[in-house]
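Engineer: The following block contains the structure, expressed as structure tokens.
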């Protein structure tokens, strides 16, 4: 059971989400319907998009704390363009392009100039936020075109066009990371930069691309945010970077790179929003939200850390068992070899599955 | 050459930047060079410095504490609630500092029990603490982001008190700088901090009390964050739960700009202290010459980016220079 949770980090978040919704349904059965799920989903769209981007960046062992500012900047630029009479599509295009440039700038700092990711993006966090104020002149942007706001209204099967787009992106990102060479390269760079370089992966290009995609996705999150609330405050996106990172971590994306799935991060994002919505539906006072979310986040993280530690210890035991029990050395030789090159940090996308299976088979034999 | 050697010390570069910056803004607006302007404008940013000093310790150990902003708000609210409940203001201050210490200890224990990246744990605990301060202010009757005010006059005047010609918050900052310099550079505890940052495994094998050292470091950060929350409460004359939300990023910026490696193992208190002044005066200076505060903060971000990129470039350049020198000398030997 524990091993299953460890190898499928998404499962643990999914269980928690189900538990959360179960509590909601028990306390008030009138919420037991699809609309509840849909409304939570549409509340979490921006966080979903950011979480996809955060997964890619964190998979390269990076971190982007500037996404909130990029979000605000893209929203502001889209808003200004639309109110200047530009069509919706060109305005969105320009905003996405600006997001791309922001992401490329981050990537340039991290990949080429070798600035630590958190430092580089911390700087651009302030810089892009200042650009927001430059763009808007310090005032809110109101009076967005109705057609633009309509993009966030229910359209097909109760979901808005943006909601469908996000679902599509989720699937695309999952396929991209799981089944393409480039996706694997992203994880390889995060797991072992030097090793990836020796394998012939263009490490700098991969890192740049990850940050660039993250930039575009942040811009998209900004656009969705603007369409959802119908105006653009200067503080749009403030603090979203932390929520995005938290969603990723909750969903099993490691900050040390090389592991994690988009689905996990998306579930994490769903959970972060669900907790807010559920507490509102249970008629808690709004000020409990952050505290309960924080407490659950901490408990999950500590629990996960303990499980991982136990896993690492059992792996270490397997590795050295041939020295402790010499007669079993021959049986374990091959398994120990497999264990040796797997880092001790738990579930990896590649490699650990075999390791875990090997460890498991040894255990059953013993 | 010897004078050039001085500039290998990052603190010297920072001091130079600070002087150039003050002279530059002074040249545009001579009012900036007024000593009392220089001293009293520190009150706007010195709370960042107070917490940045302790954060330096944590970052040198290879950790980070993202919860400082939340702790600042929590300590201010604790103070406010106890004051409303009729507790003596100085006892309340003491309790607020205690709350800060507890948050730090919780952080440290959670990090070491879970063996998870400190960034993640303190991210989670920052939600917890900021949530806790919202709950406390909600329970205390000050709904949402409304503040608790009406403190004792002696407490409110503290921030505007003049000690030896300097505002009291600046004095706190200077005293804290000296204390932390002694603590980090002149005690065994300080050496442990560096060693943990350099190589945690070696620290463990050397029998150094890692758990205790880290817990003290995080607890100190919690206490200093609480102290800086109190300074803010005194400066504004009210306590709000979102006090520290703007202080987190500037504090990390100051530590990083001060030359502390974000990966741990190196850094100095003096560097952090100077960087606080550089960033703070950069902001105030821009505002004095008439740049709006939002653009000033954007330019501070740009300053961080430029300085760090230049340091990184110079390090890459040095590595290439070393390589070139080695290759060059081997070539000569062959000939």
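For all residues, glycine too, the Cβ spot is worked out from N, Cα and C.
Okay, so TrEMBL annotates it like this:
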type     : residues  : note
TRANSMEM : B:12-32   : transmembrane segment
TRANSMEM : B:38-59   : transmembrane segment
TRANSMEM : B:66-83   : transmembrane segment
TRANSMEM : B:89-114  : transmembrane segment
TRANSMEM : B:126-145 : transmembrane segment
TRANSMEM : B:165-184 : transmembrane segment
TRANSMEM : B:214-236 : transmembrane segment
TRANSMEM : B:248-281 : transmembrane segment
TRANSMEM : B:288-310 : transmembrane segment
Engineer: When you check the transmembrane segment (B:288-310) against the transmembrane segment (B:214-236), do you get at least 3 Cβ pairs under 8 Å, counting only pairs 6 or more apart in sequence?
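Structural biologist: No, the transmembrane segment (B:288-310) does not contact the transmembrane segment (B:214-236).
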Engineer: Give me the stretch from B:12-32, B:89-114, B:165-184, B:214-236, B:248-281 with the greatest number of Cβ pairs under 8 Å to the transmembrane segment (B:38-59).
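Structural biologist: Between the stretches B:12-32, B:89-114, B:165-184, B:214-236, B:248-281, B:248-281 has the largest tally.
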Engineer: May I ask you to check whether the transmembrane segment (B:89-114) and the transmembrane segment (B:214-236) make contact, with contact taken as at least three Cβ pairs under 8 Å and only pairs 6 or more apart in sequence counted?
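Structural biologist: The transmembrane segment (B:214-236) and the transmembrane segment (B:89-114): touching, yes.
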Engineer: At an 8 Å Cβ cut-off, counting only pairs 6 or more apart in sequence, do the transmembrane segment (B:12-32) and the transmembrane segment (B:165-184) clear the bar of 3 or more pairs?
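Structural biologist: Result for the transmembrane segment (B:12-32) with the transmembrane segment (B:165-184) is no.
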